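K.L.:
Handing you a structure now.
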Amino acid sequence: MQRNMLKSKIHRVAVTHCELHYEGSCAIDEDLLEAANIVENERIDIWNINNGERFSTYAIKGERGSGMISLNGSAARRAQLGDLVIIAAFAVVDEAELKAGWKPDLVFVDDNNKIKGSRDHVPTQNWT
């Protein structure tokens, strides 16, 4: 059996640019791409925390160290500057890979979209 699993996530990153007339895509700071194991032209899902929009596009490289998250083309209509988004990518994983310990790459950022931490799992949600 094969499963479609979360592969990569950049959590609560702020939109820094919206370029309506740029060729469609999402430019992401190269440091963030590498940390999250997302490659250029890979399909990504973007979930806007501020307005609930959910959409797909593809990743392109943004200037390394800049904190850039640029929504381009029609994606620019889905967010405003400063909106917090989650960027995710998925992979098809077989049972053997899962049993061998396959884990996702989760990246967390500060208020300037700089990496503040990473981990390989989402913690169990508990009632408080």
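Glycine is treated like the rest: Cβ placed from N, Cα and C.
From Swiss-Prot, here are the annotated features:
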ACT_SITE  S25  active site, schiff-base intermediate with substrate
ACT_SITE  Y58  active site, proton donor
BINDING   T57, G73, S74, A75  substrate binding site
MOD_RES   S25  pyruvic acid (Ser)
K.L.:
List the Cα distance (Å, whole number) between G73 (substrate binding site) and Y58 (active site, proton donor).
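P.N.:
On Cα coordinates alone, these residues lie 11 Å apart.
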K.L.:
Which residue, out of the recorded positions S25, T57, S74, shows the minimum number of other Cβ atoms inside 10 Å of its Cβ in this structure?
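P.N.:
Checked S25, T57, S74; of these recorded positions, fewest Cβ neighbours within 10 Å: S74.
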K.L.:
As a test of the contact definition, list every same-chain residue at least 6 positions from A75 (substrate binding site) whose Cβ is closer than 8 Å to its Cβ.
P.N.:
G24, S25, C26, I46, F55, T57
K.L.:
Max Cα-Cα distance in Å among T57, G73, S74, A75, the residues listed as binding substrate?
P.N.:
10
K.L.:
Please give me the CB contact count at 10 A for G73 (substrate binding site), counting all chains in the structure.
P.N.:
16
K.L.:
Going along the chain, which residues six or more apart from the residue listed as 'active site, proton donor' have their CB under 8 A from its CB?
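P.N.:
Those within reach of the residue listed as 'active site, proton donor', by Cβ under 8 Å and sequence separation of 6 or more, are G24, S25, C26, N41, E42, R43, I44.
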K.L.:
Using the recorded substrate site (T57, G73, S74, A75) as reference, state which further residues of the same chain have their Cβ within 8 Å of the centre of those residues' Cβ atoms, listed in sequence order.
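P.N.:
So the additional residues around the site are G24, S25, C26, F55, L71, N72, A76, R77, R78.
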